[in-house]
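**Q** Dropping a structure here in structure tokens format, bear with me for questions.
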Amino acid sequence: IACITVMFVTTCLMALVIVFVWRKSFIFAVIFLLFFGLIEALYLSSSITKVAQGGWAPLVLSVIFVGIMYVWHYGMQHKYLFELQNKVSMKWILTLGPNLGIVRVPGMGLIYTELASGVPPIFSHFVTNLPAFHQILVFICVKYVSVPYVSPEERYLIGRIGPKAYRMYRCIVRYGYKDVHRDEENNFENQLVMSIAEFIRMEVEETQTGSSSEGPWAVHPSGRTCTTMVMSETEDGDLTNTECSSKSVTTS
């Protein structure tokens, strides 16, 4: 039952692909669905007669797993809506000053969030409850796009949050639905550091030339490697590497 059901559903989805992805004729999709769908529907109907003889087991398992996935999706959706409706206002952040009202220690802090814009509400909890935080804050949002692969040169979308003195950045990391995540090959942290470094260097160059062509966001290539994991930013926006410091990763 499980196999023939998968085949039948795949045939139905394939008809949609023919129309909406391949941009073929609707009549061609109907012919495809009628030809293959009729054959698989006959097999499916014959399999249904075996439900009373033990075929109910995969159906029960399917219902259980669908229920688990629904609960997970429901929870994640409401978590995202909560973050979206309770974002920290930039006005409140600006009232804290460049140090955010806490001690800023050397290092880079990574805060994972589902928000592609704005500051997640968990950040206010950090500011009010932690005695210190890293000198550079990066809000990371991982998004999956509707293309098979995203090249490393287009993977990291970097932007700044607030004035330069606050040293807060946002990084949207984009993956295709067929991209394979391998930390030992991708070296995510080094690529992230180098992407932010390129963004800061671009800002400095634009300040010197008086031009700004890409706005608050920019895509930077991340093919180069970095020997250190921590960077510090000088008052004029330049970037220097340090040999020893710390890095924290937080998920909101």
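Keep in mind that glycine also has a Cβ here, set from the backbone N, Cα and C atoms.
Pasting the feature list from TrEMBL:
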- 239-252: compositional bias 'Polar residues' (COMPBIAS)
- 1-94: domain 'K+ potassium transporter integral membrane' (DOMAIN)
- 106-182: domain 'K+ potassium transporter C-terminal' (DOMAIN)
- 233-252: region 'Disordered' (REGION)
- 6-22: transmembrane segment (TRANSMEM)
- 27-44: transmembrane segment (TRANSMEM)
- 56-72: transmembrane segment (TRANSMEM)
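Show me how these features fit into the shown structure, please.
**A** If one looks beyond the transmembrane segment (6-22) by at least 6 residues along the same chain, the residues whose Cβ comes under 8 Å of a Cβ in the stretch are 28-30, 32-33, 36-37, 40-41, 43-44.
Sequence-distant contacts of the transmembrane segment (27-44) (same chain, six or more residues past either end, CB-CB distance under 8 Å): 1, 4-5, 7-8, 11-12, 14-16, 18-19.
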**Q** What counts of helix, strand and coil residues does DSSP assign across the domain 'K+ potassium transporter integral membrane' (1-94)?
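**A** Its residues divide into 80 helix, 1 strand, 13 coil.
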